[in-house]
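Peer 1: Could you have a look at this structure, given as structure tokens, before my questions?
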Amino acid sequence: MATAEEKQTSPEPVAADEPAQLPAAVRASVERKRQRALMLRQARLAARPYPAAAATGGVASVKAAPKMIDTKGGFILEEEEEKHEIGNIVHEPGPVMEFDYTICEECGKEFMDSYLMNHFDLPTCDSCRDADDKHKLITKTEAKQEYLLKDCDLEKREPALRFLVKKNPRHSQWGDMKLYLKLQVVKRALEVWGSQEALEDAKEVRQENREKMKQKKFDKKVKELRRAIRSSVWKRETTTHQHKYGPEENLEDDMYRKTCTLCGHELTYEKM
């Protein structure tokens, strides 16, 4: 029989029904699934915050039937019986918004929307738009040839010029056209060349170089043509000429003469 001291010092046996401690990873996974289930429930409640009210209006009490829901995360939720109080919803009027008007740089009047403002960020109203000259749309090729601009001047120099993309009207299979605003292209050309006089001088120099290149090509073609003519004449001279005589003529004393029909050479001979 054990004494009282032995009973006090002996370790107590572990209860059989005490649950074992779960690893940290498992507990974290369980917690994530539980949070996911709660979020699904909150989202479902937020989707129907105001149940259908009674036809007579006013405050009503609605009781939802319990329902078993599988959250696909390891938990099955049972909807609790909830009471939703339905009342009249009062919407507060929104704040008064002031329109952001833009001032036209041509006439000085305010406007809300315009073609040039939307497509080219140019503060000009539709009434002041000069589509035939100042605000004319020109192609990228025309901008490069007329104002001596490069691709980097149009697309990479800050700020890059805005453009419109349209189908080529001449051929549907050709590439799309880039249309720039003439006013902005002129300003960019002045930024690149410094002044209108410098731009005109550069255009004259380029025109002179173009004329020189054309003259060189023309002289080269004339030289090749002369060489071809000389070679053909030289070939004709190297071939032997064969006379083609016409009918003979009786002169006198058994003397006869024949004349070449090609070169006019006369051959006189005597028949024995």
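Placed from the backbone N, Cα and C atoms, the Cβ positions cover glycine too.
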Peer 1: Region 'Disordered' per Swiss-Prot: which of the ranges 1-22, 111-132, 133-154, 243-264 is that?
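Peer 2: The listed stretch tagged region 'Disordered' in Swiss-Prot is 1-22.
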Peer 1: Would you mind checking how many other C-beta atoms are within 10 angstroms of the C-beta on Ser195 (phosphoserine)?
Peer 2: 9
